[in-house]
Amino acid sequence: MSVIRLVISMIATLLLLAATAPSMAQTDPLQTLVQALPKGGYAEREKVILDLAGTGDPRVADVLGALGKGDLYTLKDSGTVIVATGRGNSLETADPLTGKALGAVDKSGLDKIRVNNRLRRAIDSAVGQLTLMGKDPATRLAAAQSMLKTTDPAAIGMLDTAIAQEDDARVKTAMEQARAAALLKSDAALENKIAAIDTLIAKGDREALAFLTGARSGASADLLPAIESGIKSIEDKLAFWSALQNVWYGLSLGSVLLLAAIGLAITFGVMGVINMAHGEIVMLGAYTTFVVQEVIRNNFPGLFDYSLAIALPLAFLVTGAVGVAIERGIIRWLYGRPLETLLATWGLSLILQQTVRTIFGPNNREVGNPSWMSGAFDLWGLSITWNRLWIVIFAMIVFAVLLAVLNRTPLGLQMRAVTQNRRMASSMGIRTPWVDALTFGLGSGIAGIAGVALSQIDNVSPNLGQSYIIDSFMVVVFGGVGNLWGTLVGALTLGIANKFLEPYAGAVLGKILILVFIILFIQRRPRGLFALKGRAVDA
Amino acid sequence: MTLNLTRRATLAAALTGAMALSLGLVRAADDTIKVGILHSLSGTMAISETTLKDTMLFLIDEQNKKGGLLGKKLEAVVVDPASDWPLFAEKARELISVNKVAAVFGCWTSVSRKSVLPVFEELNSILFYPVQYEGEESQRNVFYTGAAPNQQAIPAVDYLMNEEGVERWVLAGTDYVYPRTTNKILEQYLKDKGVAAEDIMINYTPFGHSDWQTIVSDIKAFGSAGKKTAVVSTINGDANVPFYKELGNQGISATDIPVVAFSVGEEELAGIDTGPLVGHLAAWNYFESVDTPENKEFIDKWHAYIGNDKRVTNDPMEAHVIGFNLWVKAVEKAGTTDTDAVLDAIIGLETPNLTGGIAKMLPNHHITKPVLIGEIQDNGQFDVVWETEGTVPGDAWSDFLPESKMIEADWTAPINCGNYNTETKACGGAS
């Protein structure tokens with residue numbers, strides 16, 4: 001009996017050895033695991049990811065990083081897992097472990113290895129743990145930040161070792177914060193936890209608040225007061241910053257309003273033309289940006305970051321030319337007849353919309369953000385997005401340039417002369433029809449470059465203009481017709497008022513309240529914030 | 001040009017009798033069956049509806065290649081209601097009484113559907129409505145081939161709850177009837193599941209809202225309460241692009257706060273760089289990326305028809321495919337295009353959908369659909385990460401709202417009613 005059992009077990013062992021030996025000789029286990037990644041569903045894939053992370057091999061971080069970014073593919077023919085990068089139809093491939101280049105492969109021959117949010121989280125935490133001791137401080141910082149997000153109490157020991165070795169102050173702080181967050185979740189001693197709470201209070205942002213509120217439920221009675229006071233101190237601090245943040249949001253909304261309205265401040269404000277097609281001219285500017293980006297994408301991909309700089313003068317020329325054409329073709333026949341002007345330009349706006357819809361299709365067109373306009377940065381307690389910052393700066397520059405043109409150039413002088421007293425200007429030798437056309441062209445051109453900026457934050461679709469036309473008139477009327485400074489102050493006031501109302505009243509009611517406010521204001525001051533005085537008003 | 005296509009064509013026919021369209025009309029009197037297409041080709045909704053008009057023309061063309069219907073050729077009559085709700089009713093009346101169409105495929109927004117309902121009832125014609133909607137309706141003359149809330153919203157919330165472990169919810173929507181009703185249903189459903197009132201934040205924005213800074217930062221703040229948070233978005237149309245751009249810029253990634261959207265499909269994503277959005281979700285009953293032979297055949301034929309292989313396909317297109325096929329089957333079964341006969345014949349008919357299942361027309365005029373949850377990919381497509389086992393029957397009246405849970409719709413004898421109250425055993429709704 002026992003002999004037979006012994007023999008059987010010996011045979012079994014031999015068979016097992018025979019089965020495993022060759023495979024061990026051929027490939028290393030890491031390779032096997034990587035090749036197993038595409039198999040099965042998300043649950044199986046997650047297990048493989050954990051196994052890969054468990055090997056602790058530094059090469060794993062790159063493989064998982066590629067997987068998280070969606071750069072890991074299988075070759076359709078052989079099923080081999082490879083890394084593929086690049087844009088377009090032909091991708092550069094490489095071996096995921098050795099990084100050896102394997103040449104270009106057509107996209108149709110590749111299958112992407114899919115990941116979902118759960119896998120992405122598993123990957124982030126695995127990569128964080130694997131790169132915590134990396135050579136580059138930036139890698140270590142990213143690792144510490146991703147460990148802060150995953151907060152795994154099991155990683156405390158690893159963080160302790162890392163902190164002891166760390167000499168970069170920023171990375172060290174991030175690691176200590178990650179450790180503190182993990183400590184709060186663990187069953188560490190009370191004084192350690194209180195120290196952890198202090199670390200988080202020092203961090204003092206929303207993330208820290210999230211950890212403290214998360215720890216509140218299920219905290220012991222000894223710990224609760226420390227957590228409560230921590231939450232309170234962070235909340236107080238955030239309340240202060242959120243007021244400032246609101247001012248910033250208001251400024252940024254205000255500068256969008258300013259951009260949309262500033263062209264109208266010329267055509268409507270200075271010339272007195274009720275131009276309902278103003279929004280569509282803004283839209284044409286946005287479409288010019290789209291066309292420029294499309295040409296760049298197809299022919300000179302390297303220039304993409306400069307696309308907006310190229311689009312700006314082009315948009316000014318295109319929309320300026322359209323403006324001159326509109327003035328010469330339609331508006332000059334209608335001076336002094338506001339109702340007809342309104343109807344004609346309204347019809348024109350529909351024609352422009354439908355033309356764009358026929359040429360470019362009814363769908364949104366993709367206008368990309370150059371890299372310097374993507375993302376956000378933190379300034380003390382404020383979070384500022386790059387695209388909004390650039391738009392605020394851009395709006396101010398446009399305003400300053402326009403002011404200079406109107407006040408310091410011969411053209412500006414003639415424009416003001418014509419609008420103030422047409423007959424006198426004419427008898428002084430100014431060609432008034434010519435100045436009218438140029439003024440309208442200038443207003444339209446400015447609307448066009450506003451379109452370039454708006455394409456960065458809004459849809460580029462045929463309806464783009466409609467959403468701005470009401471706001472534009474509102475700003476110009478509120479600020480005072482015929483006064484650029486009024487437009488600036490009006491736009492910023494409305495922007496900030498809107499953003500302070502929004503948190504309390506909601507976006508819908510906030511907008512209604514602003515409209516009601518403007519109606520009441522116009523009742524009291526029909527000429528807006530900064531009324532023009534003198535004879536021009538009665539002309 | 002598109003504005004008055006049919007009126008002009010009729011004029012052209014009367015005057016000259018030349019050109020292809022008018023030839024069609026001259027012949028139309030006896031040997032064609034006319035199909036009305038009521039989708040906006042201009043105005044704000046053109047962005048979504050133009051593709052559906054093309055889809056219908058494509059389907060009719062395909063059917064004619066197969067020999068038409070009842071031995072007659074099908075003929076499309078296209079009108080443009082120009083995103084103007086009252087004009088929808090006018091154009092519907094024109095299609096039915098002037099052009100004598102056998103059935104109409106059209107509408108997108110709920111308000112446009114509500115505006116044409118009385119017309120279809122009065123003139124006793126048939127409407128196929130292809131868009132996901134808020135439910136709480138079942139009309140004798142309308143077939144709802146889009147999703148009811150239980151075929152989209154509820155499974156999506158279940159997915160987030162079970163798979164992502166979400167405990168805190170932001171219900172964000174555009175301020176009109178579909179988001180408001182859907183959010184009312186979802187709020188009740190979440191509360192039934194034990195979610196506390198302070199863990200639900202509801203936010204409405206105007207149509208075309210473009211400044212999302214405050215709301216996105218509110219969502220960020222709401223999400224920092226130590227519980228996993230998700231956003232359920234019923235934000236409609238154009239407002240989505242700036243919303244997603246702001247999410248991306250403020251650094252809210254799908255692994256932190258996932259957003260599941262009910263109105264964002266392949267068409268809407270076409271205008272955005274989806275790089276920063278990878279992992280955000282959408283719930284639909286169809287995705288272009290679904291890998292089935294039926295879908296591949298459909299996409300290939302569609303690209304060949306439209307002559308552009310970059311054109312995406314989406315959920316309402318599939319709904320029109322199903323609706324059209326069911327109507328064709330019903331007409332064949334009834335042997336006539338007569339409204340009453342088709343209404344009777346269509347109940348219980350089945351046709352394959354494009355995702356490998358079967359769509360069946362139910363007595364409440366809704367259909368069975370699978371529910372798919374997809375994650376946005378960096379190529380603007382969705383990757384299915386979860387789907388229901390089998391199909392879900394559409395429920396016209398939500399079981400989660402106290403005022404509608406006892407109401408059923410059944411358009412077969414003996415009930416024959418769109419709002420049958422199972423408690424009072426009477427037709428006529430809750431009151």
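Heads up, residue numbers simply count up from 1 along the chain you see.
The backbone N, Cα and C atoms fix where each Cβ goes, glycine too.
Copied over from TrEMBL:
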- A:1-25: signal peptide (SIGNAL)
- A:247-274: transmembrane segment (TRANSMEM)
- A:306-326: transmembrane segment (TRANSMEM)
- A:338-356: transmembrane segment (TRANSMEM)
- A:389-413: transmembrane segment (TRANSMEM)
- A:434-453: transmembrane segment (TRANSMEM)
- A:473-497: transmembrane segment (TRANSMEM)
- A:504-522: transmembrane segment (TRANSMEM)
Among A:389-413, A:434-453, A:473-497, A:504-522, which stretch has the highest count of C-beta pairs below 8 Å with the transmembrane segment (A:247-274)?
A:473-497
For the transmembrane segment (A:473-497), give me same-chain residues lying six or more residues beyond its boundaries with a C-beta closer than 8 angstroms to one of its C-beta atoms, as numbers and ranges.
246-247, 250-258, 260-262, 264-265, 268-270, 272, 399, 402-403, 406, 419, 514-515, 517-518, 521-522, 527-532, 536
Count the CB pairs under 8 A between the transmembrane segment (A:306-326) and each of A:338-356, A:434-453, A:504-522, then give me the winner.
A:434-453
Cβ under 8 Å to the transmembrane segment (A:504-522), counting only same-chain residues 6 or more beyond its ends: which ones?
474, 477-478, 494, 497-498, 528
